[in-house]
Amino acid sequence: MSRTIPSAPGPSNPLTNSYTYHSSTPTAPGPYILGVDEAGRGPVLGPLVYGVAYCPASWKTDLEQLGFADSKTLTPEKRAQLLGVLNSDPQNLGWSVRVISPQAISAGMLRIPPTNLNKQSQDATVLLIRDAFSVYVDALGNTTTYEAYLSSQFPGISFTVTTKADSKFKIVGAASVAAKVTRDACVDGWTFEELVEEDDNAVENTRKENWNREFGSGYPSDPKTQAWVKASLDPTFGFPSIVRFSWTTVKVILEKSAHSVKWTDEGQESLMKAFEGGKGREKDRCIVTKDLGIQSIGTL
């Protein structure tokens, strides 16, 4: 599938870094309307994909006749057909996607301080919005706050941020299709970078057996996804890069079934102990502060 989707990695190309794909830019005069939607926010497997679609405001009536809707309500065949529609009128229709790799999602959420998924989503949205007059955004949570944030980033552009925007506005439905088809192509055509770089044939064959493509939906509640995640665990190296390490589902499996790791510099254990926090009445005081008689004070 990914071979026929221009926004997905080519065959045998592992998805290791986030990237952006842009269609050709429409040439019809503006002003333009632009819709934003995502696919893959909840799954424990694969990338998160943000999509935008845009067209002249004067072309809105034509857009209404093309069949775009919330991609979750469409069959895979219909979604693929509609992606072809997105490419059929380059003078009036344009689209882009931002593919956030599982590695980038995990790295952001596990760093200190963390970059949570909401912030990563906002960054992807801002990156995709270009030269639009009216923008309709499908969002979860506090839509008013998000709308104010986007308006502050793009003064002079009118924003409408609402839930279920992919079913309310056809331009968001088009963005939904672009995001969903791209994500499905990324997952269906996933190339395991760990196997590409593997020299040990015995290890590679074992991993090929465990790393089949019976992913299920990718959502943590899906029994097929749960079974695949558990079977794909390497107790020393963890999971292949398609897995989002920052998801609670994955953390629990690692804690229960993977080899434990003690991150201590050799010879420094006693020094680290000296700076550990105390317990009980000595809570928040380490050995060093106690030995030096250092105490917290409320007023000077």
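Heads up, the Cβ atoms here are built off N, Cα and C, so glycines get one too.
Here the region 'Disordered' (1-22) has long-range neighbours at 47, 80, 83, 87, 94, 96-104, 127-128, 178, 181-182, 184-186, 188-193, 196, 241, meaning same-chain residues at least 6 beyond its ends whose C-beta is under 8 angstroms from one of its own. Annotation source TrEMBL lists region 'Disordered' at 1-22.
Counting residue by residue with DSSP, the compositional bias 'Polar residues' (13-22) contains 0 helix, 4 strand, 6 coil. Per TrEMBL, compositional bias 'Polar residues' is recorded for 13-22.
The domain 'RNase H type-2' annotation in TrEMBL covers 31-259.
Listed in sequence order, LEU48, VAL49, TYR50, GLY51, SER121, ALA124, ASP138, ALA179 are the same-chain residues at least 6 apart in sequence whose CB falls under 8 Å from the CB of GLU38 (divalent metal cation binding site). According to TrEMBL, the divalent metal cation binding site annotation covers ASP37, GLU38, ASP138.
Long-range Cβ proximity for ASP37 (divalent metal cation binding site), meaning a same-chain Cβ under 8 A and a gap of 6 or more residues, is found for TYR50, GLY51, SER71, VAL137, ASP138, ALA165, ASP166, VAL172, GLY173, ALA175, SER176, ALA179.
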